[in-house]
Amino acid sequence: MADEAPLLLRYHSAENQNELAGTRPPPPSMETVDETLERYMGGFQLLQAIFVAFAWAFDAQQTFINVFTDAEPTWHCTSAGDSNSAACSASTPCSLPPGSWVWDSPAHASVVSEWSLQCAGSALVGLPASAYFLGCLFGGFLLSTLADSVLGRKNMLFLSCFTMSLSAALTVVSPNLWAYAAMRLLCGCARATVGTSALVLSTEMVGKRWREKVSIAGFFCFTLGFLSLPAMAYLNRGESWRRLYLWTSVPCFFYSVLIYFWIKESPRWLLVRGRRDEAIQTIKSMTANNRNAITSSFSKLIVAEDAGDFDNVFSALKVLWVKRWALRRLLAAMTVGFGLGLVYYGMPLNLGNLGSDLYLSVTLNALAELPSSLATLFLVGRVNRRSSTVAFTTASGALSLLCVAVTTEPWRTAAEVSSFFAACTAFDLLLIYCIELFPTCVRNSAITMVRQTIVLGGVFAPVLVAEGRKRSFLSFGVFGTVVGCCGLFTACLPETRGRSMCDTMEEEELKQMIMSTSTTTP
């Protein structure tokens with residue numbers, strides 16, 4: 001039965017008190033999971049982690065594809081409508097009689113022109129995008145705990161990518177707006193756990209030395225996916241919007257197949273679930289050196305007394321609720337995430353309201369993610385998580401409010417891109433922060449919950465963007481105010497820079513006790 005118990009770093013209560021009192025040092029042979037992974041990590045293991053991080057590229061494509069497929073095309077008056085020159089200069093052709101105006105592009109180039117939504121309300125026009133983000137919420141709440149309890153990181157990632165690619169492919173045959181919105185809802189449900197599973201799996205496959213770099217690799221991949229959209233949309237201009245969904249769904253399908261057959265499960269998760277032999281075999285398969293010593297090294301880890309209360313799919317959420325310190329961290333991180341989500345998803349959707357070229361504006365926003373990832377790579381090992389997140393959320397809010405005051409180009413676009421850059425950097429820092437805030441047994445569930453509040457901001461973003469076409473404060477102004485206020489909740493979180501990851505709630509509580517004792521001891 002010893003082989004079935006979770007292998008985690010955990011001390012007995014009496015030993016904890018002795019060590020805190022300084023009466024007995026910890027056993028010299030004791031090793032953390034971080035140290036064991038660090039010792040035997042090879043290049044193949046790192047390659048697998050980076051490949052897992054590439055799932056973020058497909059996440060980005062499905063998240064921002066509505067910017068092009070649901071965009072309102074330009075139009076012009078025909079000779080029959082030239083007599084009504086005032087109406088021809090309006091932002092919409094709704095006041096013009098049929099036959100007096102035409103779209104500049106073929107009707108099938110956009111959802112708006114194909115289904116004649118130019119005069120529809122903002123709620124109806126933004127329905128597919130809102131349905132996608134609503135699906136992300138549903139999927140996150142329904143599937144978030146499966147990666148911590150039943151399926152594991154790898155199977156959850158495969159299932160999410162496969163379903164996301166399938167629903168995107170089915171979108172191609174949508175006969176009307178309602179079927180299209182339903183497919184976007186399904187795609188959002190599947191996508192909900194893609195980024196979280198990829199982030200957690202990739203960081204748990206490597207040791208502490210590479211964790212931050214692997215985390216940022218996912219952000220770089222997200223940028224690549226975002227950048228690929230304007231390129232594909234530009235090549236697809238004048239063609240059906242359905243082709244764009246086809247182009248993004250097929251590569252994702254083949255990627256999910258490779259995930260299933262090539263990628264290994266997280267050794268940390270296997271240890272938490274008490275599957276020591278599988279964890280050892282996983283580590284052996286990912287390294288070519290010292291394979292015989294791996295079993296011996298894992299035997300130095302202390303075996304936990306029990307598996308914890310993780311016997312069903314909702315156990316992780318129950319533990320997060322019962323442990324008040326974990327609940328406080330989760331609520332604070334979720335509040336920050338909501339403000340960031342409003343800006344992160346709202347700014348790209350709001351590009352059409354700037355009056356500049358759509359392809360250029362989206363490209364600039366996508367390029368803004370690249371320096372934000374580089375900034376995160378530079379800052380993550382040098383500055384505190386808490387202060388840097390507050391600084392970037394405040395900067396994003398101030399620059400978004402500046403977009404309301406500045407109406408001339410290119411200064412308005414510069415302020416918008418700068419605000420998006422600050423939000424992207426804060427987004428990256430927040431996810432890395434959450435990896436360190438929560439132990440392995442609840443990490444996937446906690447990060448998924450944080451990402452759901454980020455997506456919740458995305459649910460409101462399309463409606464605010466549609467209203468912002470009339471008054472810019474209802475988009476840029478609301479974005480800036482909300483992200484600035486929500487970012488202040490980061491001050492409620494403990495600092496985690498330089499810490500190793502914990503695996504159980506007890507280990508995290510012990511670490512807090514040791515830190516509080518060390519700070520109070522003169």
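Indices start at 1 and increase along the chain as displayed.
Using N, Cα and C of the backbone, Cβ positions are placed for all residues, glycine too.
Among the residue ranges 123-143, 186-206, the one that TrEMBL annotates as transmembrane segment is 123-143.
Given the ranges 49-68, 389-408, the record in TrEMBL names 389-408 as transmembrane segment.
Non-local neighbours of the transmembrane segment (472-493) in the same chain are 328-329, 332-333, 335-340, 342-343, 346-347, 350, 353, 385-386, 389-390, 392-394, 396-404, 407, 416, 419, 423, 426, 430, 433, 437, 457, 464-465; each lies 6+ residues outside the stretch with a CB under 8 Å from one of its CB atoms.
For the transmembrane segment (214-232), same-chain residues at least 6 beyond its ends with a Cβ under 8 Å from one of its own Cβ atoms are 46, 49-50, 53-61, 64-65, 67-68, 195, 198-199, 202-203, 205-206, 244, 247-248, 359, 362-363, 365-367, 369-370, 372-373, 376-377, 380, 424, 428, 431-432, 435.
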